[in-house]
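What Swiss-Prot says about this one:
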DISULFID  CYS235-CYS237  disulfide bond
DISULFID  CYS268-CYS271  disulfide bond
Amino acid sequence: MDKIIKSIAQSGAFRAYVLDSTETVALAQEKHNTLSSSTVALGRTLIANQILAANQKGDSKITVKVIGDSSFGHIISVADTKGHVKGYIQNTGVDIKKTATGEVLVGPFMGNGHFVTIIDYGTGNPYTSTTPLITGEIGEDFAYYLTESEQTPSAIGLNVLLDENDKVKVAGGFMVQVLPGASEEEIARYEKRLQEMPAISHLLASKNHVDALLEAIYGDEPYKRLSEEPLSFQCDCSRERFEAALMTLPKADLQAMIDEDKGAEIVCQFCGTKYQFNENDLEALINDKA
């Protein structure tokens, strides 16, 4: 089962979140049938939103939109504070690797654009923030958002490793943040350790990448595990929700679906689930509108 572990240095100087998001990203790949680059881009966005949601309280919903002007198009993810996330990528078929190394490429195919977050606290006044894409690699763009929008300098690592068949092998990430009150000496030590950390892809390839991430972040510094919480890809779509959407259409449009298509099929963008509405279903909706 996927999980996020929240921890804090014994000194109180900084905190870290580490994530295993392998099943989340694998299920997203399965539902959307994404090719290599699209899988990694979508996966990184889902992991970023899992981190962002873990930072919220109450019943907030967090939407992350990575909007680029190149091959991927846009990536949309929605998460809640209970560990659930869903998402999709506009172009599922991007499959580009470096010839020499086989490394999956993401940044060059995100293009210019924006990292948008919408935090809905359930009060009717969602908070929206937009920052420019810095590299298109998503991790760096997320870190820039945290620094610029939330005024919280953060170190971020996100990645998805694929097997020889381009299926998700492992996915995860981390966030490290300096806390108020940290001394200059503690900040310098933390920055040095982060600079010396192995690449996120190397750490994810470890036998137990969650422990490898924690060890790389803290080194010999004592720390406390504050909590371990489950994560999952879960869509909250339903037939009732799409039926309500159909009810907002004019009667003429519903009648056209009956006359021309003998019904309607609605596909959820976030999970690919198909909902069928036959002629009788649509006629019932028309009668309900009368």
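The backbone N, Cα and C atoms fix where each Cβ goes, glycine too.
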Residues near CYS237 (disulfide bond) by Cβ (under 8 Å) yet at least 6 apart in sequence within the same chain, in sequence order, are CYS268, PHE270, CYS271, THR273
CYS268 (disulfide bond): secondary structure state under DSSP, collapsed to three categories:
coil
For CYS235 (disulfide bond): intrachain residues, at least 6 apart, with Cβ closer than 8 Å:
LYS86, CYS268, PHE270, CYS271, THR273
